[in-house]
Amino acid sequence: MLLVRQLFGASANSWARALIIFVLAWIGLVYVFVVKLTNTQGQQAAGESELNARRISQALQMLEHTRQRNEELKQLIDELMSDQLDKQSAMKLVQRLENDALNPKLAPEVAGPEPESMFESAPADLRGWNNVAEGAPNDLEAGVPDHGEFEPSLEYEFTRRRIQTNIGEIWNFFSSELGKVRKAVAAGHASADLEESINQVLLQGAEHKRSLLSDMERMRQSDGYEAWRHKEARDLSDLVQRRLHHLQNPSDCQNARKLVCKLNKGCGYGCQLHHVVYCFIVAYATERTLILKSRGWRYHKGGWEEVFQPVSNSCHDAGTANTYNWPGKPNTQVLVLPIIDSLMPRPPYLPLAVPEDLAPRLKRLHGDPIVWWVGQFLKYLLRPQPTTRDFLTSGMRNLGWERPIVGVHVRRTDKVGTEAACHSVEEYMTYVEDYYRTLEVNGSTVARRIFLASDDAQVIEEARRKYPQYQIIGDPEVARMASVSTRYTDTALNGIILDIHLLSMSDHLVCTFSSQVCRVAYEIMQTMYPDAAHRFKSLDDIYYYGGQNAHNRRVVIAHKPRTHEDLQLRVGDLVSVAGNHWDGNSKGKNTRTNQGGLFPSFKVEEKVDTAKLPLYAGI
C-alpha cells in the first residue's frame, strides 16, 4: 500500500498508474472469491450441508463486497475521465482498500462486534458522578495493552489533557495582567472608559474560557473512549487492590516479612493518613506485610480497627521475631519504619514515583498518576466498619447532600499564619461561581449547591449570610469540634471523616492544597472517577505529598528571560517545580543551570517518575 500512496503525487500523470493499482486490487479480490468458491465446491456434500450453506453465504457476501469495489472503481474511472476526482477522495478509497488488506477479519464474511459490545462490563453511568461498581477480579496483565480501533493512543490522551490545562493557564495570565491594569486605572491613572473596556475584556474572556472548557468536556464524553476509560480504570484499580490484599494476607504470617508502622505521628488526621499511606507504599515496594500499630491512637484510643477495617484479615502483629530499624537488610524479618521526614536512606519509590509496570497504562488513563496511585492505598485503608458506614450514610441524608455539588474546604485556625495564608470566603466562591457558569454555558440553569467544610464554624455562617442564592450544606457543630482544642475526640474524628468523604464525592473541589485534608479528599476523589485530575481549584499550592522526592517538569518550549526574575529554558531541560503563582507563571529551579526563578507554566509538561517495584506475578 506504500506504493499506492507514493503514486498519489501532485502530478496528474499519476492517475493512470493509480488506476492500474486499483484494477489489480479488484482482480485480487475476485481471485480470493474464486479460490474460496472452488474450495467450497471441492468438499463432499454428504454430512456437510450446513457447513456448505455457510460457506456459500460467505462467498455471496464476498461477491457482494467485490461488486461494491467494482462499482467504486468504475466511479473512479468516470471521475478520472472527467477530471473530477480530488486527491482526498482517492486517498479515502486507498484507505478502505488498505484496511481490508490489513484487517481481513473486518471483511463482510464475519461481521465484527459493535464498539459498545466490547465493553459490556462498563458501568451504565458514564458521567463519572458515581463510583465505578466493583467488578470481578480481572486477569489483565499490568503491561500496556495493545490499543486497537476503540482505544485512544497515549499521545491523544496526553494532548487532550494538556489542552485542558493550558486553557486555564492562558486565562490565569490574561486575568492577572488585565487585573493589574484595572487597578491602576481605578487609582486614577487612566480614564473611566478604559476601566470599563478592561472589565469587558475580563468578562468576555471568562465566558470564552468557560466555552472552551465546556467543549473539552463534550469532546471527552463523545470521543468514543469513555467506556474504555471506565473499564481501564476499573481493571487497574482491581489489579492494585488484589495485590494489596495478597500482600496483607500472607499464607504464613509467622514467617512472613513485616513492616511496622506506628500511627501516632504528631500531627492532624490528614497528615496521619498520609503517614500510613507512606508506610503502605514502602511495604508494597519491599514486599512486606504492613503491621499498623494504632492502639492509643490520639483520635480514637481503641485503635484504627474500630473505625476502619483491619489492614489484614490474618496477620495483625509482628510476632516474636527481633525488630530492626530502617533500612535493615532484605532478610530482616521485622522492620520498623520512621516518619518520612527522617527516612535515611531515601528510596526512589517514594512519592512522586509510580510503579514502572503500571506507568504506561496510568499515563494514558490519568492526568496525574501519583494522585491515582496514592488514592488506591486510601481506597484499601479507608474501608469503613459497619458503624462508620452507617454514620456516613445517615450524615449524607441528614445534610441533604445531592448532586451537582461543589466541595469547598476552608482551613483556618492553626494553619493560618504559619503554613498558609488566610483566604476570604469571597475568594473561594469566585471559583465556585465560575464552575457553575461553565455548567450553564449551553443555556441551562443549574441549582447552585456547595458542601462547605471548615475548622471554623463562623465560615459556614458567613457564607450563608453572603450567598443566599446558594444552598450551602455544612454543619457548624462539626466545624467547632474541628478546632485545635477539641479535634482529638471521637466526635471530632467522625466529623472529619464525614467532611473528607463528602468533599471527595463532590463534582469539583475548591480548597487550599496546603491543607492535608483537602489533598486527602482530592486523592480519594480519584477512586470515584476514571480521571479526576482536573476537578479542583487550589487557592495556594499545587498538589504535593509531604516528604516527596523532587517534583520535576520537562521543558517542551524554550523560554528567553523577559525580566531578571525569569528562568532561561531550553527544550529538554528539567525544572524542579516549587509552585504555581496561578497567574500564568510557575516558580522553580532549572536543574541544568541550577538557577531559580519564574517561567511560563505552559512551556513545561509533567515528568512522570517511575520506580521498579515488585510485579506480584500471578495476582
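Using the three backbone atoms N, Cα and C, a Cβ is placed for every residue, glycine included.
Annotated by Swiss-Prot as motif 'SH3-binding', the relevant range among 205-211, 345-351, 443-449, 548-554 is 345-351. The record in Swiss-Prot lists a disulphide bond between Cys279 and one of Cys253, Cys261, Cys315, namely Cys261. Sorted by the number of other CB atoms within 10 A, the disulfide-bonded residues Cys271, Cys511, Cys518 start with Cys271, the lowest.
Around the Cβ of Cys253 (disulfide bond), a 10 Å sphere holds 16 further Cβ atoms from the protein chains shown. Cys267 (disulfide bond) has a Cβ environment of 14 other Cβ atoms inside 10 Å. Cβ neighbour count within 10 Å across all protein chains ranks Cys279 highest among the disulfide-bonded residues Cys261, Cys279, Cys315. DSSP gives Cys253 (disulfide bond) a coil state; it is part of no helix or strand. Comparing CA positions across the disulfide-bonded residues Cys261, Cys279, Cys315, the one lying closest to Cys518 (disulfide bond) turns out to be Cys279.
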